[in-house]
Every structure is written in structure tokens, then in C-alpha cells.
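S.K.: Shown below is the structure under consideration.
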Amino acid sequence: MEKKVGTDRVKRGMAQMQKGGVIMDVVNAEQAKIAEEAGAVAVMALERVPSDIRAAGGVARMADPRIVEEVMNAVSIPVMAKARIGHITEARVLEAMGVDYIDESEVLTPADDEFHLLKSDFTVPFVCGCRDIGEALRRIGEGAAMLRTKGEPGTGNIVEAVRHMRQVNGQIRQIAGMTDDELMVAAKNFGAPYELIKEIKTLGKLPVVNFAAGGVATPADAALMMELGADGVFVGSGIFKSDNPAKFASAIVQATTYYTDYELIGKLSKELGSPMKGIEMSRLNPEDRMQDRSI
């Protein structure tokens, strides 16, 4: 029997449909409904939000399928779920369950410290994290249909997401300004597929959407990432670790949409209650940096 796989065009088109929106982490049906009512374009079903994964330590794996099914049955918007880096079987299970997207995620403990999944071998589209253009293009080369900054998940600290978005966009501008005979050296230096380097020069942008993720905790954080060129925003711990999740969720959705309306963002930020408690990056041990979990 011939194996069916989704084409890049179809997968990327599905991801494009989420552009300009907010995708929220949820751990049960109740949270999923709050996210949908607030205007989220999709939800990420998982067992624990990144801040809880960070606090618990140990090995973080794919969520219990019961949780994923519960979320899928609760909402009409697309449902994503996380698989460990390189864990073929977790990804196949999620695909068989009918999730709309799989996030091959560094938030979970990698199953393979050398190889990522060959995402082009799946029908379901994948989202992956990146810190620079080399990581971005390697993931696209493997078949990712959507990218996100890695940031530093579960910290409530936006600084790493800002760094990664600026790095990727700066390197895109660098490639766009190269002459054709410089592109092969660029591919070597970035550790990226040559054909994708050429495509970036032609397009002047990535061939897939790139969302902001990792540390978004306030409406202003979401608006900042959109101003820096993000195509949308993932919010992990920032919603349901806040004092008022429903109000925070709605405010972040509106700030993402109207990210240059600073008066509105100021109003949205009033009387929200306390955001999630943040972590200063200098206080993280090297082994606790989730963003370093990939190649």
C-alpha cells in the first residue's frame, strides 16, 4: 500500500491560515474553551505547561492521549500537540489521533540528540523552533510547515524570543543582499540547504510562517513580537499562570491583532492582575536551557 504524505504546499497553506493569530497552550477542555472564546486561532494540548515542566524536572514526554482527545472534542479550532524531538512513534500516534499539527518540541525531553524527525514523511504538518536561519532552514528542509522562535519556554521572559526573531530576520536581510555566487558559501556557513538559501534570496523572507514563542507573558510582549516581524504568537505558560486567564487571553489576542495601537494596548494592560512570575535568564543553569535542545 502506497504511503500518503501531505505536500509542502498543502501543509504550508494550513499554517498560513493561522497567520496573525495567537496559539495557546492548554491542559484540559476547560482551558481550551477559554482560549477559543478569547479568540485563539488554535490550541496546543499538553499535559503540563512549560513552567510546570521546568519546575518538575525529570523527563517530559508526549501528553496522555486522553488529554489530547479531550481538547479535540471540546473546541472547533485546530488542535496541536507536542512530540519529543526525534520520537517517531509519538509523532505517528498523534498523527493517527487526527491532531491538526504536531510540534516537534524542545520543551519536551529529546528522544534523539542527533536526528530530528523527517517531517516530510508525515501527512500532518509540523511546527518547529529555531534560533537562527540555519536552524530554521534545516527544519524546513526536513519538512516543517511552520516555525516559531524558541525563546526560553516557561520563563515569562521575552528577551530570548526577541533575540531569536531579530537574529532570523537579520540573517534573511543578509542573504537577500548577497550576490548569487555568495549563496553556496552562505549555505555552508549557516549549515542550511542551498536550495532554501536561494529561495530566501528570491522571496526576501522565509517560505513558511514564523511565530513568536518562548516567554510571552503580557499583551505588550505579544505586540512587541509582532512589531519585530512575527507572523503570530504562541503563548505557553503566560495565560493560565496569570491571575485572570480569560482576561489575559483576550487581551493578548487583541494586542496581537492591533499591535501598533499603543493606546489600546495600554487599556488592555490595565487591571489584568499579576502576570506569571518570571525568571531572569542569568539564573538558569546551562542544563536548564530548553532552547539548546536541538541541532
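Every residue gets a Cβ built from N, Cα and C, even glycine.
The shown structure was predicted, so the numbers you read here are calculated from the model rather than taken from an experiment.
This is the feature table in Swiss-Prot:
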type     : residues                              : note
BINDING  : Asp25, Gly154, Gly215, Gly236, Ser237 : D-ribose 5-phosphate binding site
ACT_SITE : Lys82                                 : active site, schiff-base intermediate with D-ribose 5-phosphate
BINDING  : Arg166                                : D-glyceraldehyde 3-phosphate binding site
S.K.: For Gly236 (D-ribose 5-phosphate binding site), what residues in its own chain, 6 or more apart in sequence, show a Cβ-Cβ distance under 8 Å?
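M.R.: Long-range Cβ contacts: Asp25, Met44, Val49, Pro50, Ser51, Val107, Pro153, Gly154, Ala213, Gly214, Val216.
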S.K.: Gly154, Gly215: which of these binding-site residues has the highest Cβ count within 10 Å of its own Cβ?
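M.R.: Output for this query is Gly215.
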S.K.: How big is the D-ribose 5-phosphate site in terms of the longest C-alpha to C-alpha distance among Asp25, Gly154, Gly215, Gly236, Ser237, in angstrom?
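M.R.: In whole numbers, the farthest two Cα atoms are 13 Å apart.
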S.K.: In terms of DSSP three-state secondary structure, what is the assignment for the residue listed as 'D-glyceraldehyde 3-phosphate binding site'?
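M.R.: Looking at the DSSP assignment, the residue listed as 'D-glyceraldehyde 3-phosphate binding site' belongs to a helix.
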S.K.: Which has the fewest other CB atoms in a 10 Å radius around its CB: Asp25, Lys82, Arg166, Ser237, the listed recorded positions?
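M.R.: Output over recorded positions Asp25, Lys82, Arg166, Ser237: least Cβ neighbours within 10 Å is Arg166.
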